[in-house]
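Asker: What TrEMBL records for 1-11, 107-118 is compositional bias 'Basic and acidic residues'. What TrEMBL lists as region 'Disordered' is 1-23, 107-141. If you look up TrEMBL, you'll see 12-22 marked as compositional bias 'Acidic residues'.
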Amino acid sequence: MEVDEDNRSDFEKEEEEEDDSVSDLLRDRFRLSAISIAESEAKRSGMEISPPIVACIADLAFKYIGQLAKDLELFAHHAGRKSVTMTDVIVSAHRNEHLAASLRAYSDELKAKEPQSERKRKKVPRKEDKGIDGMVNIPDL
């Protein structure tokens with residue numbers, strides 16, 4: 001089913017163009033960052049890397065990240081959540097054992113740095129809160 005260009009409102013066209021421009025901006029920034037990282041790693045290792053290869057790696061990484069974002073969104077949705085958790089990220093790396101192990105270690109490290117909060121105690125009913133013998137106390141929900 002094709003969308004008729006004339007039936008779309010100007011607002012919808014503007015919104016789509018804005019989404020495209022934001023996506024292009026993100027892709028360009030990601031690409032620049034990936035190129036910078038690749039060049040610095042090559043320099044640190046004493047290697048040379050050709051610009052077309054770096055550009056190809058940056059584009060592949062951007063496509064991979066896009067797919068990863070979709071997968072993470074699906075994992076969270078499947079679990080009935082609206083936000084992605086660290087567990088979702090670890091599960092997404094299940095095909096790469098080294099990456100999954102690194103993510104688990106990083107997650108454990110983050111958990112260790114979090115301040116330990118006191119566990120919530122269950123309310124213990126006081127004597128005056130107890131019902132009369134034979135009656136069941138039903139708390140308000």
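Start at 1 and count along the chain as shown; that gives each residue its number.
Backbone N, Cα and C define each Cβ position, glycine as well.
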Asker: The compositional bias 'Basic and acidic residues' (107-118): which same-chain residues, six or more beyond its ends, come within Cβ distance under 8 Å?
Answerer: 86, 90
Asker: Tell me the residue counts in helix, strand and coil for the compositional bias 'Acidic residues' (12-22), as DSSP assigns them.
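Answerer: In the compositional bias 'Acidic residues' (12-22), the DSSP-based counts are 11 helix, 0 strand, 0 coil.
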Asker: How do the residues of the compositional bias 'Basic and acidic residues' (107-118) split into helix, strand and coil according to DSSP?
Answerer: 7 helix, 0 strand, 5 coil
